[in-house]
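Beneath this line is the structure, given in structure tokens, with notes to follow.
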């Protein structure tokens, strides 16, 4: 699956994202700088990595969501192309309107960096088919603003539509309904705060993140 990893000023998980993509999806995966106005021809997956884009000025992801490349990312998503936003990438997706809700300060008001357990809430998406229903997986988090919030109507819509893909088994940040990752209505855009790209090799402590990439690899073109 041809993959483009978007780089914003302040991205710091872009190399991890590229490594995971090259290891599991596309050995020719490449970086795309935020000032570009088009994605590489044939791009199938856009990966928005974690970090502190633009120093988190205004709000996390707010400026990055208005970068030139995001017009192409939106068009890609609207055409049915896959988009994966991790951590700051999830924040960018909400700021860009590609996913509902917002990510606010952690309930403890400090940065958290540790492995957490997630429950696979919906394994029928193109991002989660490699997992079993209800499977508990270990994926690291690293964020200060990962507390997912949306109004009651939006939360109900997410829950009723099976759009909560990953849920915290032991909520670390105060996210409503223990939400760790959601998809859009069409199912081609996933945002999640935990970092699957940091859990693709046993050397890193867990291989449980591989399922996200292995799921995408099974998508029929």
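Each residue, glycine too, has its Cβ placed from N, Cα and C.
The secondary structure of residue 87 (active site, nucleophile), as reduced to three states from DSSP, is coil rather than helix or strand. For 87, the entry in Swiss-Prot reads active site, nucleophile.
For 195 (among others), the entry in Swiss-Prot reads active site, with the evidence type sequence analysis. In sequence order, 13, 16, 50, 86, 87, 139, 140, 141, 142, 209 are the residues of the chain that are 6 or more apart from residue 195 (active site) and have a CB within less than 8 Å of its CB.
Counted within 10 Å of its Cβ, the other Cβ atoms near residue 197 (active site) come to 31, all protein chains included. Per Swiss-Prot, active site is recorded for 197 (among others), and the stated evidence type is sequence analysis.
The feature domain 'Glutamine amidotransferase type-1' is assigned by Swiss-Prot to 2-221. Within the model, the domain 'Glutamine amidotransferase type-1' (2-221) carries an average pLDDT of 96.
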Neighbour tally for residue 87 (active site, nucleophile), based on other Cβ positions within 10 Å of its Cβ: 29
